[in-house]
Amino acid sequence: MILIDTASLIVGYLLGSIPFGLILTRLAGTQDLRSIGSGNIGATNVLRTGRKGLAAATLLGDALKGTAAVLIAASLGGPEAAMLAALGAFLGHLFPVWLKFKGGKGVAVYIGVLLGLFWPGAIVFCVLWLATALTARYSSLSALVAAFITPIFLWWFGHLALASLFAILTLLLVWMHSENIKRLMAGTEGKIGEKK
């Protein structure tokens, strides 16, 4: 089991490291995504290129790589391996080996691993994100609100191990959004649909 757990963590990391935003924008012939807007490789920054289809594809790719990592590990090693794969995929997205450990902020892959581990939690996350986005128009704030509530939701329904895992992922997600939080507090954070 130790071998399977270790392999799940590593494979999860490698899958999580795939930079779909960068790959798709390069294939589409746009400029280097890291030189646009926030410089992030995630779907929100892809949206700033004006390519909504590419942004949606990036969101889907980043989410599904997390889901795939979880489902593969679960089939081979059970729940513990699946959670390790989820952690690996999340860390891989944040710190991809292919991009000198400078990756995305983790929102899509957070949704993806949650979908693989407990799909009702992913639905709750998306509903909370959408509700906040429609009212506040800030992608970062929407993600933070949904991520804060997710571990509480998991704990409430008795999934203590998952609640602990997602509490850790939420702390990492908050850390990755530290600059966004500063801009939110200063009133300078860009709203959804705005180009920087």
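Including glycine, each Cβ sits where the backbone N, Cα and C put it.
In Swiss-Prot this protein carries:
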- 2-22: transmembrane segment (TRANSMEM)
- 54-74: transmembrane segment (TRANSMEM)
- 81-101: transmembrane segment (TRANSMEM)
- 111-131: transmembrane segment (TRANSMEM)
- 152-172: transmembrane segment (TRANSMEM)
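Nonlocal intrachain contacts for the transmembrane segment (152-172), taken as residues 6+ away from its ends with a CB within less than 8 angstroms of a stretch CB, comprise 79, 83, 86-87, 90-91, 94, 106, 110, 113-114, 117-118, 120-121, 124. In terms of C-beta pairs under 8 Å, the stretch of 54-74, 81-101, 111-131 lying closest in packing to the transmembrane segment (2-22) is 81-101. Long-range neighbours of the transmembrane segment (54-74) within the same chain, counting only residues 6 or more positions beyond its ends whose Cβ lies under 8 Å from a Cβ of the stretch, are 4, 8, 11-12, 15-16, 18, 20-21, 24-25, 28, 30, 42-44, 46-47, 81-82, 84-86, 88-90, 93, 104, 108-113, 115-117.
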